[in-house]
Amino acid sequence: MKQSPLHRPSRPLLALGIEGSANKLGCGIISHSPSPTGGPTLVMVLSNVRHTYITPPGEGFLPSDTARHHREWVVKVIEEAVRKAGVRMGDLDCIAFTKGPGMGTPLQVGALVARTLSLLHNIPLVGVNHCVGHIEMGRQITSSHNPIVLYVSGGNTQVIAYSQQRYRIFGETLDIAIGNCLDRFARVIGLRNDPSPGYNIEKEAKKGKRLVQLPYGTKGMDVSLAGILHSVEAYTKDKRYRSWDQVNDVEEDIITPYDLCFSLQETTFAMLVEITERAMAHVGAKDVLIVGGVGCNLRLQEMMGIMASERGGRVFATDESFCIDNGIMIAQAGLLAFRMGNTMPLEKTGVTQRYRTDAVHVAWRA
């Protein structure tokens with residue numbers, strides 16, 4: 001096994017992470033400290049504060065409105081993160097921000113605030129890839145060594161394996177992301193956006209009794225989700241469909257919103273399990289790490305766990321404080337890069353809406 005090029009810190013290091021690529025605004029402070037016994041570096045989450053922009057049922061979130069929310073809340077969220085961590089801005093060794101991918105205007109809010117704080121307090125800046133942040137926080141929390149990563153969120157669906165200091169994308173969505181698919185269907189059937197559309201679909205799917213037929217779109221290690229979204233939406237116009245207020249126990253041959261939530265989950269998650277298993281077979285991996293907001297879904301974890309156990313492996317996942325977009329994952333990835341000497345001059349801190357996971361040089365791993 002190759003030795004990591006990342007040296008143990010000689011003193012405690014602190015990083016502030018700012019995340020705002022979509023409707024979650026998060027700020028967190030993390031510390032990396034030398035172990036008194038000479039063991040692995042001690043990593044401690046000092047604060048992890050988040051504020052979510054929530055729209056009315058049936059509505060998504062527009063970039064301009066989301067950016068307005070972030071501008072309104074970013075100072076309050078940073079102040080709370082600093083207060084909870086019990087540190088001062090001058091104590092920070094670096095400020096990390098989400099460089100991309102994500103929605104342009106919300107990303108710019110986080111980058112602008114990071115630049116301002118950097119200039120005010122003379123603190124180095126580190127731009128972080130959003131997906132790499134998810135992966136590094138997932139690895140840290142779960143202590144998983146070298147798993148296949150399934151990254152599932154509102155804007156991304158990727159199957160990833162690490163090789164030669166890159167997170168290589170083995171498969172991905174060919175059209176829309178799984179989180180986008182779930183969110184859009186939730187809007188069609190009138191589910192609330194609080195706490196999230198995907199969570200509400202998961203809750204209602206547990207009451208589903210009927211698995212309706214939906215297209216199954218896998219190709220190699222890629223998936224296509226636009227067709228399945230169109231098909232499940234079409235069921236809401238079927239004469240057998242009954243909306244929430246029309247569902248009763250008398251009629252038998254009906255299709256309910258519960259059935260459609262159940263069917264959409266079962267079919268799309270089966271597709272995700274299939275492409276993940278294919279990637280595992282390709283690289284000889286046994287373990288899976290699920291990251292991203294959809295990774296909180298317990299049914300997805302259960303289905304993936306069945307597959308992994310049959311292969312003699314395990315599934316790793318985190319709770320909602322870490323799988324949903326947050327600032328601490330940006331702080332973690334940023335501090336790893338900082339420890340390798342990777343910082344950004346001010347003129348290089350522009351945001352990149354389409355920032356590929358495999359574009360990042362993962363210098364801190366062997």
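Just so you know, glycine gets a Cβ as well, placed from its N, Cα and C.
So that you can see what the record holds, here are the features copied from Swiss-Prot:
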BINDING   HIS130, HIS134, TYR151, ASP325  divalent metal cation binding site
BINDING   TYR151, VAL152, SER153, GLY154, GLY155, ASP183, GLY198, GLU202, ASN297  substrate binding site
Residues close to divalent metal cation site centre defined by HIS130, HIS134, TYR151, ASP325, Cβ within 8 Å: SER21, CYS131, GLY133, ILE135, SER153, ASN156, VAL291, GLY292, GLY293, MET329
Least Cβ-packed of the binding-site residues HIS134, GLY155, ASN297 (other Cβ atoms within 10 Å) is GLY155
What is the interatomic distance between the Cα atoms of ASN297 (substrate binding site) and TYR151 (divalent metal cation binding site), given in whole Å? 13
Measuring Cα to Cα, tell me the gap between HIS130 (divalent metal cation binding site) and GLY155 (substrate binding site) in whole angstrom. 11
GLY198 (substrate binding site) and TYR151 (divalent metal cation binding site), compared by Cα position, are separated in whole Å by 15
Under a three-state reduction of DSSP output, how is SER153 (substrate binding site) classified: helix, strand, or coil? coil
Within 10 A of the CB of GLY198 (substrate binding site), the number of other CB atoms across every chain shown is 27
When DSSP is mapped onto helix/strand/coil, what comes out for HIS130 (divalent metal cation binding site)? helix
Please report the distance from the Cα of HIS134 (divalent metal cation binding site) to the Cα of GLY155 (substrate binding site), rounded to the nearest angstrom. 13
